Amino acid sequence: MVGVNPHVTPSDEAQLRARYGLDRPLWEQYGVWMSNVLTGDFGQVYSNGRDVSAVIMMRLPETIALGIFGWAFGLIIAIPTGIYAAVKKGELADDASRFIALSGISIPNFWLGLMLILIGAITLGLWPVLPPSRQPLYHPHMLWYLVLPGITIGTAAAASIMRVMRTSMAEELNKEYVTAARAKGLPERTVILKHVLRNSLISVVTLAATLTASIVAGSVVVEVVFNWPGLGRELIGAINEREINLIMAITLFTGVFIIIANLIADILYAVLDPRIRYD
């Protein structure tokens, strides 16, 4: 902030650095910041004096909503497609699903977002692009603004989950318990959905925990492309404005979120497979 403003005098700069503790050694600054974080104080935004925690709480719901929409899109597309591809292994549907999955993984999310804006919003006019600045998140109209960024952020996840789901299902279908279930006369639908699917989801949960970090990182780019008012766009603005307190707080929140996601994955392991126990 000070370094890019030519109208700030050296005395003003010294006062600001002393006010925010920037004149102290780095190790001391970090120690003070950590002690304040333990009490819930993330500092202030240098440019406007607002509490960093207030800024994060204002932007966090938008990022969570975008992540949930992206995950929902990815799972709804990936799991049924992966199941169908495994059942039709070696057929045209299987080859098509693998091609689609490979394409989804390869396409950069910023390019996909721009193409969705060009086709879905500008050419066809089916969805709006820029969300209204004062529209509350819980308003039903905001769901329309979530569609394009949600698809963008969920496509890569859907492609990865689809491949893992297909491979895991194909392996489970060749196991002896599946042969035994079929020999008992159980319908194929029951064998797949009740027995095979549950065991196959363990691999998906493992991948989902890993993909959480990728989705969080990808949301930064997606929020900028679609001007979505979340933590990702706030982080880019903080980097441009050298808002150290805001950058560190967002990074900390992101790390905590990823840890929670992995903890949830560990719990789901035990739910899906009761044989798994943690000492």
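For all residues, glycine too, the Cβ spot is worked out from N, Cα and C.
Unlike curated entries, TrEMBL annotations are predicted automatically.
Listed in TrEMBL for this protein:
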{"type": "DOMAIN", "residues": "60-265", "note": "domain 'ABC transmembrane type-1'"}
{"type": "TRANSMEM", "residues": "64-87", "note": "transmembrane segment"}
{"type": "TRANSMEM", "residues": "99-130", "note": "transmembrane segment"}
{"type": "TRANSMEM", "residues": "142-165", "note": "transmembrane segment"}
{"type": "TRANSMEM", "residues": "201-226", "note": "transmembrane segment"}
{"type": "TRANSMEM", "residues": "246-272", "note": "transmembrane segment"}
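Contact between the transmembrane segment (64-87) and the transmembrane segment (246-272) does not hold: fewer than three of their C-beta pairs are under 8 Å, each pair 6 or more apart in sequence.
For the transmembrane segment (142-165), the list of distant contacts is 65-67, 69-75, 77-79, 81-83, 85-86, 97-98, 100-105, 107, 109, 112-113, 116-117, 120-121, 127-132, 135-136, 200, 203-204, 207-208, 211, 214-215, 218-219, 222-223, 225-226, 228: same-chain residues at least six beyond its ends, Cβ to Cβ under 8 Å.
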